[in-house]
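Following: one structure in structure tokens, then a few remarks.
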Amino acid sequence: MIQVLLVTICLAAFPYQGSSIILESGNVNDYEVVYPRKVTALPKGAVQPKYEDAMQYEFKVNGEPVVLHLEKNKGLFSKDYSETHYSPDGREITTYPAVEDHCYYHGRIENDADSTASISACNGLKGHFKLQRETYFIEPLKLSNSEAHAVFKYENVEKEDEAPKMCGVTQNWKSYEPIKKASQLVVTAEQQKYNPFRYVELFIVVDQEMVTKNNGDLDKIKARMYELANIVNEILRYLYMHAALVGLEIWSNGDKITVKPDVDYTLNSFAEWRKTDLLTRKKHDNAQLLTAIDFNGPTIGYAYIGSMCHPKRSVAIVEDYSPINLVVAVIMAHEMGHNLGIHHDTDFCSCGDYPCIMGPTISNEPSKFFSNCSYIQCWDFIMKENPQCILNEPLGTDIVSPPVCGNELLEVGEECDCGTPENCQNECCDAATCKLKSGSQCGHGDCCEQCKFSKSGTECRASMSECDPAEHCTGQSSECPADVFHKNGQPCLDNYGYCYNGNCPIMYHQCYALFGADVYEAEDSCFKDNQKGNYYGYCRKENGKKIPCAPEDVKCGRLYCKDNSPGQNNPCKMFYSNDDEHKGMVLPGTKCADGKVCSNGHCVDVATAY
């Protein structure tokens, strides 16, 4: 039985209008002072654990009472979590600290469906919560013999530099397909049954400049990294992702690479070190370097796109440019989003009334929301590229997170989970037991209507292309059947292409996606450039070397398009970027001749390819 702690925060709530105070988060010029008083609900004589699994905090914000519900983030650390630093003489020191009884929580505000919270309860309460669509921060004031805390808004923190900050990735994403509904981009029923989430094992590296910035206080650095990881973990849940911290390395006796303001150089150097050094010592899926170096220009983060699970490129670099944890954690999640195949948002992407996390310019208001575009691109990457490293289930030495009834996550042993009894809005689910109510066949799923299985034949997943037929309910389950595609190699689009993994890839669509309307497949003569084997014209890469196309394979290298748009007359237009050399290549499965498709940079017979 989880013991519940009730803490009443008595407010001597007086905003200091016009006055300021220096906190860990910076110079704050408008805040409320609160004095937490812990009132335990444990039975008399019971032993109180150091950090409870679940807690409630009652307090007031702007004179209004609120109740903050918190649950320990038991998936924050992997069971084999390790920490490495270096002695003054350069010796590597690795430890495996006990992290089960940690003090990092996620939560929500009672009766506020849009609320979220990420709190450290290690030494007082530190973190942030969202209440009535506004983000508030709470932090101990650290006055002698006082339990005083400050509550304040981000807008009241003085900024050292008001100049706009940006991600260094310069690519934009365009789509020739209509926006897909989130319900159509789901993991198969079999995958959902055993593993509804994807699990990213995150490794954080802290450079020497960060150590200097923190006066060599390794404990302070560790606490900050835990807080950042706790927030990143919370943010990624919007994508049905779970980031567990598997390791932390602090370059306390000098950097292992040369960290420069040049983000291209630093990202590539870190990626190479990760591949040749870190991966040989510690299994992980993704690594991020946090540095106090000031990157060139307004850039504060940089990453490879669509590289999750790659032995070298599943990395990102982030500048620790703000003392506010939420701000830096948002950048970390943004860059990991790039690794997960997400590009920057464009004008047609939406997060409702909130700024989006994947905007190219960092918003003045920290946002934890991914747009509809981000969701689509992430799961499109996962379903098409199938990165294997994030499929491992949270068992054994992986994430330790037992089911918790009432957290609105469907976990092992639960038939449904609609939140707490006071917040549950699912008429099929008993919130107290996380079991279906009597007479209910289901409580969720694309084939569940009014607590009953949908009739057999009801469409539950629309056709997304000629090669992807619609799926229909069976009448025996609440889940939509697994997404089934037509056989690879089946002709499609009036024989202009062949089916490949549910799509019908043709060069016209790929040109449209890269350059927009009035752009078409170029003449055959343009593709001869792919025989050069130079930085852009090649068919494939082997051990880092670009292999020129054989004459019969030229249509399976770089894509060339004819641009007839107003003001343009480019018969051999192509796309190339140092950030993502693969973008602009002809996609696998594309028709390259009658009866032939592209496969690994070769134009081969359909029967051979499939």
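Residue 1 is the first one shown; counting continues down the chain.
Positions of Cβ are set from backbone N, Cα and C atoms, glycine also.
Taken from Swiss-Prot as is:
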ACT_SITE  GLU335  active site
BINDING   HIS334, HIS338, HIS344  Zn(2+) binding site
BINDING   VAL404, ASN407, LEU409, GLU411, GLU414, ASP417  Ca(2+) 2 binding site
BINDING   ASP468, PRO469, GLU471, ASP483, VAL484  Ca(2+) 3 binding site
DISULFID  CYS309-CYS389  disulfide bond
DISULFID  CYS349-CYS373  disulfide bond
DISULFID  CYS351-CYS356  disulfide bond
DISULFID  CYS405-CYS434  disulfide bond
DISULFID  CYS416-CYS429  disulfide bond
DISULFID  CYS418-CYS424  disulfide bond
DISULFID  CYS428-CYS451  disulfide bond
DISULFID  CYS442-CYS448  disulfide bond
DISULFID  CYS460-CYS480  disulfide bond
DISULFID  CYS492-CYS504  disulfide bond
DISULFID  CYS526-CYS572  disulfide bond
DISULFID  CYS556-CYS598  disulfide bond
DOMAIN    402-488  domain 'Disintegrin'
SIGNAL    1-20  signal peptide
Whole-number Å value for how far CYS434 (disulfide bond) lies from VAL404 (Ca(2+) 2 binding site) (Cα to Cα): 9
Using DSSP, tally how many residues of the domain 'Disintegrin' (402-488) sit in helix, strand and coil. 0 helix, 15 strand, 72 coil
For the domain 'Disintegrin' (402-488), report the average pLDDT of the model, please. 85
Give me the sequence-ordered set of same-chain residues, not including HIS334, HIS338, HIS344, with a C-beta within 8 angstroms of the centroid of the Zn(2+) site's C-beta atoms. CYS167, VAL169, GLY301, ALA303, GLU335, GLY337, ILE342, HIS343, MET358, PRO360
Of GLU335, CYS351, CYS373, VAL484, the recorded positions lying within 10 angstroms (C-alpha) of CYS429 (disulfide bond) are none
Cβ neighbour count (10 Å, all chains) around CYS424 (disulfide bond) is 18
In Å, rounded, how far does the Cα of PRO469 (Ca(2+) 3 binding site) sit from the Cα of GLU414 (Ca(2+) 2 binding site)? 32
Cβ neighbours within 10 Å, counted over all protein chains: which one of the disulfide-bonded residues CYS349, CYS351, CYS442, CYS460, CYS598 has the most? CYS598
List, in sequence order, the same-chain residues at least six positions removed whose CB sits under 8 Å from that of CYS448 (disulfide bond)? CYS428, GLN441, CYS442, SER454, SER478
Between the Cα atoms of CYS451 (disulfide bond) and HIS344 (Zn(2+) binding site), what distance do you get, rounded to the nearest Å? 39
How far is it from GLU414 (Ca(2+) 2 binding site) to CYS434 (disulfide bond), counting Cα to Cα, in Å? 6
Roughly how many angstrom lie between the C-alpha atoms of CYS424 (disulfide bond) and ASP417 (Ca(2+) 2 binding site)? 9
Mapped onto three states, the DSSP assignment of CYS504 (disulfide bond) reads coil
Subset of recorded positions (GLU335, HIS338, HIS344, ASP417, ASP468) lying within 10 A of CYS405 (disulfide bond), CA to CA, in sequence order: ASP417
